[in-house]
Every structure is written in C-alpha cells, then in structure tokens.
Amino acid sequence: MAGMSLTHGSLDSYVSKANDVIYFKMIREEKDLEDGTLCFNPEFSHQFFGDSEGIFGYTGLRVNMYYSASRLNIYFSMTYTDKADPKKTGGIQPDNVQKIIEEKLEVKFGTNIDDFSSALSKEASFRPHGKLIQSFSVDGDSNSRQTFDVHRSDATIPGFVEYHQKMQTFVLWFIDAASFIDVDDERWEYFTIFERVVLNGDTFYYFVGYATVYRYYAYPTKVRPRISQMFILPTFQKKGLGAKMLQAMYNWYICDTEVLDITVEDPSENFVRLRDFVDCKNCLQLPSFRREELAKGFSEAMFREAQEKFKIGKKQARRVFEILRLRITNTFDDDEYRAYRLDVKNRLNAPFQRQKLDLEKLQKTLSADELKATLNYSNKEQRMEQLEHLYKDLEAEYKQVIERLSS
C-alpha cells in the first residue's frame, strides 16, 4: 500500500497467538498475584479473535485475566513491548483486546490491581449458592487430602444468576463451539463444585467448575435431563473430579422419580470417555451385567436395569455392555474375540442394512439411470473397509475406559 513503511512480513511480527499470550490465574490470596506457576492458558480463542486466533497490533504481548478464587471477580491487564502505529500499517488499528473480550463475555473487568487486591478480604464470607448434594475428598499434594462440595442451583436462588454470569466466562475459552445459555428459562439446572479449605479458622470455598443441565420433556409424563456443558478448571483436572461431579449429578437425578434417563448434548471425546467410565463403574454393580450375563449378549434386562437404577438410556446401555464385555473377553482366544467383534460389527452395520432396504425400494420405482443419478453409495468392499475402521476406532476408545476401570 502507498505510504506504508511496514512490509507484510513486518506486520506479521505484530500478530500474537491468543492462546499463548493470554494468562488466567485463580487468586486465593495476595501473594498469588506474583506466582507464575498458577497461570494457565486458554484452549480456544476463535470466538474472540477469529479462526486464526490471532491478536494484531502488539509485540511482546501478555494479557492477564485474574479471577478471585471464590467470588470470581475479574481483574484485567495487558503489557507489551511495542504497539503498531496505524500511520505505518495503512490505517490498520491494533486490536482493542479488552473491549473485544468484555463484549463477548458480556462482563466488565476491573483494571485497578489495588482494588482487586483489597476485595480479596471478602473471599472468606463467600458461600456457594444452592443445595449441597455431595461432599468428598481426594488425594492432594504433599500427602494431603482435598475436600470438595457439589451444589445444585437454579435461577430462582438469590444471587446465582449473577454468579453464573461470571462462571460462564470460562466456557468460550475451554469448550469448543460453546455458547451462553438463556438463564431466564426455568428448565435449566446448575451444578457447581468448590474446594472447601479451612485456614486460620475461616472456611473458604474456591471455585473448581460447573455443569448445566436442561430438563427436556419425555413423553408421556417424564423428563429427560440433558447435560449441556461441563467444565473443570485446568488446574483441577487429572484428579478424578469430573467423574466425582458427574456421579453427584447422577445421584441427584436417580432419586427423582420424574426422570426417565439422562442424555448428553454434543459431548466432546473427553466427556464421552468420562461418561463411559462412570456408567461402566455403576453398571458393574448390577446383576444383569455380571460376567456370565455379558457373555450371552446385550439384553432387554440390561437396558431396563441400567435405566431404572442409573437413568441410562438404551443406546448408552448398549455401549456400556460392549465395553464391559470387551473387558472380560480373552482377545488371545480367536473364537471368543471373533464372537465379540462380530457382535459389535453387527450393530455398526445396522445403518448399512437399512440403506440396503431403502435401495431395494428405490429400485422398484426408479429407472437404472435415475437410480444411478440419485444414489451415492459405496460398494460392499468399501463398506467392509469402513466397518473395520469404525470397529478399530471404537475398540481403541473402549480400551481407554477399561484401563481406567482397572486403575
């Protein structure tokens, strides 16, 4: 461009990868402000900075988003070594990072570190919203035990809607394609998890994560809760808290006679594994899932018992069966292993069989040319190859769950 003193390559030096330069930190006490080991980065930033996830206009950029660990008050700051001059970039303005993030998250940040630090004194008076439904402890660092509480909430609880607005600011950064929900819809339910810590006689509740569930209608008189989002802070992951929280949610709905079964909306691969693990662990307690019953194949009794005892739907009950049957299958016994693979492949092949029936119907009504123009289906060899690929991927997923069940 005429008049530009920076080349295209020079402009690239003013682009930062958002996921690398944005730093989150949960602040429990003032000294945490200087502790770099507490920082973590986002996994996704395309909803803020586009598909490239790039921030333009700065070199040496660092964006800090600090949350008070209980009340989730947010402090924002950014530093950089150089800022692009629009006079030298053809009029291209540096991104207004704070404005972009605030508008997307629909919140206002504090930018005065002294005000943020002073407000930390109020953290001890914070109490989680809603009903406490489960408490548990897990092994922590240095041979200590960490205690966690799970609460169930809804929008009618005073102060919760405002707190939820702060909680949900995490999901756009850590759940791909996440979106905010309509909190005015009374069918939403919320589950929160906090670490409970006693310090110098004061009890603190530190935010760990949350989940949202929508109560769908299930004909004729039941409801079908659907888990929409579930988030655990990265600093609390790999501790088994997701499984504990999901089980607490299950326990809440198991006691609800209106609930038919529990479903999940567009689960990630990680959540699929988490759900499989919890469901398998639960179903191992059921008589219909005993070793001798698993060897006979999937049965209506398995589905009915899984649904009655743990609110598991038929599709998920079948998946649990396949995982647990693989767990007891001797894969070194050719006949036993072949029988298992055939059983799973027959299920995977069901859509192809339906396609075949549809094809036979079309053949009766269309000419050869019309049929050729209408259909785009694979031949038998391609279907078999696809089926084998599907099976291998599925078995690999199942083995991950089995490994965790054994640990």
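If you go along the chain as it appears here, the first residue is 1 and each next one adds 1.
Cβ coordinates come from backbone N, Cα and C, glycine included.
According to TrEMBL, the feature active site, proton donor/acceptor maps to GLU265. For GLU265 (active site, proton donor/acceptor), the same-chain residues 6+ apart in sequence whose C-beta sits under 8 angstroms from its C-beta are TYR214, ARG226, ILE227, SER228.
According to TrEMBL, the coiled coil annotation covers 377-404. Counting only same-chain residues 6+ beyond the ends of the coiled coil (377-404), those with a CB under 8 A from a CB of the stretch are 272-273, 276-277, 280, 322-323, 326-327, 341, 344-345, 348-349, 352, 355, 359.
Among the features that TrEMBL reports, domain 'Histone acetyl transferase HAT1 N-terminal' is placed at 14-176.
Summarising the annotation, TrEMBL assigns domain 'N-acetyltransferase' to 189-256.
What TrEMBL lists as domain 'Histone acetyltransferase type B catalytic subunit C-terminal' is 275-326.
TrEMBL lists TRP188 with the feature site 'Interaction with histone H4 N-terminus'. Counting every protein chain shown, 18 other Cβ atoms lie within 10 Å of the Cβ of TRP188 (site 'Interaction with histone H4 N-terminus').
DSSP assigns TRP188 (site 'Interaction with histone H4 N-terminus') to a strand in the three-state reduction. Across the domain 'Histone acetyl transferase HAT1 N-terminal' (14-176), the prediction's mean pLDDT works out to 97.
According to DSSP, the domain 'Histone acetyltransferase type B catalytic subunit C-terminal' (275-326) comprises 40 helix, 1 strand, 11 coil. Reduced to three states, the DSSP call for GLU265 (active site, proton donor/acceptor) is coil.
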